[in-house]
Amino acid sequence: MNSQICRSASRAAKSLLSASSKQTSRGRAAAAAATVSLRGVVPSLASYGRSESGNASRAWISGVLALPAADGRTFIAIKPDGVQRGLISEIVSRFERKGFKLVAIKVVIPSKEFAKKHYHDLSERPFFNGLCDFLSSGPVLAMVWEGEGVIRYGRKLIGATDPQKSEPGTIRGDLAVVVGRNIIHGSDGPRPQRMKSTYGLNQRSWLSTPATLRSGYMVITK
């Protein structure tokens, strides 16, 4: 079942970026994602394609997070529950309606080891292992969005970490119920050097608008 979800999410990713890069009308990229039906797929927490060697970790969003710091670009990831519930179109459309541009996208399946690095600041909390199991349980749709103030406003669109404390109209406030399954992750600031040193680079596997590799960074051009 997870392999079906992963293939569907991959097709959605290609459709989303193709529509966005052509600067189609508002909502067109989300409509492209809707052509790939993920609805009705039963969520599963079984691991799919997990790589203990760390290959999955190196294929994570970190490559594009190694971009030169700028308030005009941020990292957003739809977590396994959001992908499995078929919420790609809904979430992407909210960012598009705000006027942000999707500039890079990738479907990845994080390893357990990567999840531990991603949530390292929570390693002493009792829910740490469960959180890592969840992040590595299935496909994640990793994206880079661009626009003025996208980091700040992106966080507002997402809502509070705990959906119960999120305002109505936010992604988590409208679509999530419990903090352990809060659908989406958003960067709280540009931290390129930290991401570069922690996770390494693998930008060539990203779908993106025209880009060049320069000094270890992926520079996405308009």
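Cβ from N, Cα, C; glycine included.
Automatic, uncurated: that is what TrEMBL annotation is.
As given in TrEMBL:
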type: ACT_SITE; residues: H185; note: active site, pros-phosphohistidine intermediate
type: BINDING; residues: K79, F127, R155, T161, R172, N182; note: ATP binding site
type: DOMAIN; residues: 71-197; note: domain 'Nucleoside diphosphate kinase-like'
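A gap of 10 Å separates the Cα atoms of R172 (ATP binding site) and the residue listed as 'active site, pros-phosphohistidine intermediate'.
Between the binding-site residues T161, N182, N182 has the most other Cβ atoms inside 10 Å of its own Cβ, all protein chains included.
Mean pLDDT of the predicted structure over the domain 'Nucleoside diphosphate kinase-like' (71-197): 89. Rounded to a whole value, the Cα-Cα separation of R155 (ATP binding site) and the residue listed as 'active site, pros-phosphohistidine intermediate' is 9 Å. Look at the domain 'Nucleoside diphosphate kinase-like' (71-197): DSSP puts its residues at 59 helix, 24 strand, 44 coil. Between the alpha carbons (Cα) of K79 (ATP binding site) and the residue listed as 'active site, pros-phosphohistidine intermediate' lies a span of roughly 7 Å. Comparing T161 (ATP binding site) with H185 (active site, pros-phosphohistidine intermediate), their Cα atoms are 9 Å apart once rounded. Residue pairs drawn from K79, F127, R155, T161, R172, N182, the listed ATP binders, are separated by up to 23 Å at the Cα level. Ranking the binding-site residues K79, R155, R172 by other CB atoms within 10 A of the CB puts R155 at the bottom.
Cβ-based neighbour count (10 Å, all protein chains) for H185 (active site, pros-phosphohistidine intermediate) stands at 18. Between the CA atoms of the residue listed as 'active site, pros-phosphohistidine intermediate' and F127 (ATP binding site) there is a gap of 17 Å.
Its own atom aside, the Cβ of F127 (ATP binding site) has 12 Cβ atoms within 10 angstroms in the protein chains shown.
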